[in-house]
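Colleague: Sharing the feature lines straight out of TrEMBL:
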- 15-94: domain 'CIDE-N' (DOMAIN)
- 108-182: coiled coil (COILED)
- 204-215: compositional bias 'Basic and acidic residues' (COMPBIAS)
- 204-228: region 'Disordered' (REGION)
- 217-228: compositional bias 'Low complexity' (COMPBIAS)
- 299-323: region 'Disordered' (REGION)
């Protein structure tokens, strides 16, 4: 009976998955072994001392808040996956990180994440209006969509001046879109020229075609090397890969990160060749330089005007654009 008991326990252990669970607002982590999602929920309630009145709990991945409620998905997760147990009416927030508990001093439910986003951007403008130039297109759109009365209250300005501000934000957004469209047209034109040159060269030198194809294959193999890593987020990499003029979409901090990346590592992460990645970094460098020059010009103009302690809201020209 003893050998059979040992074998049975080994079979049960093989079916168990090791997991790490914790509460939304608690730093303590507990190791739990469970064979299914239901068992993990039950054990999490026990080790985390969750009141029966606050059940059923929801399990989410600690790294990104993905809700795990499918049994097959749970079985596909690796061992020692970290879960956050959310009791009834609790919500996951990106502020809840494993790397510290200082974020937890204020309640996550007090302010909606979208509202917190525009308020943070509004504070940047309150500190310095020239931050408009450094913002991403997404940030500009967030401030444009905020109700005028709410933005006026946050910035302690009249709704008339807020209308001027939002029109200015829209102008900056429109200008970037025009630049993107112009760049797309230019790229299409250059691509058409390349295609035409390629056709003409194949007609005049038919024997050179196989060698040219071999060169393309040889350069392509180097770009598929994925051994290099980057410090860029998935969101930034997606923008770089998918947007026609990504340097116009990113804010200045992301542009700086792109410039700091090794060209070979960036090319590997994007699946491009090194020349294309270098051209992207050059475009980001030009865009960042242009924005910084605009900020310096604004500061220079501001310093030559009358000494004002408050922001020169009235100095912004009223927009002629009709929304």
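Every residue, even glycine, has its Cβ placed from backbone N, Cα and C.
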Colleague: Across the domain 'CIDE-N' (15-94), what are the DSSP residue counts per state (helix, strand, coil)?
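Modeller: Residue counts in helix, strand and coil order: 21 helix, 23 strand, 36 coil.
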Colleague: Would you mind giving the whole-number mean pLDDT across the domain 'CIDE-N' (15-94)?
Modeller: 87
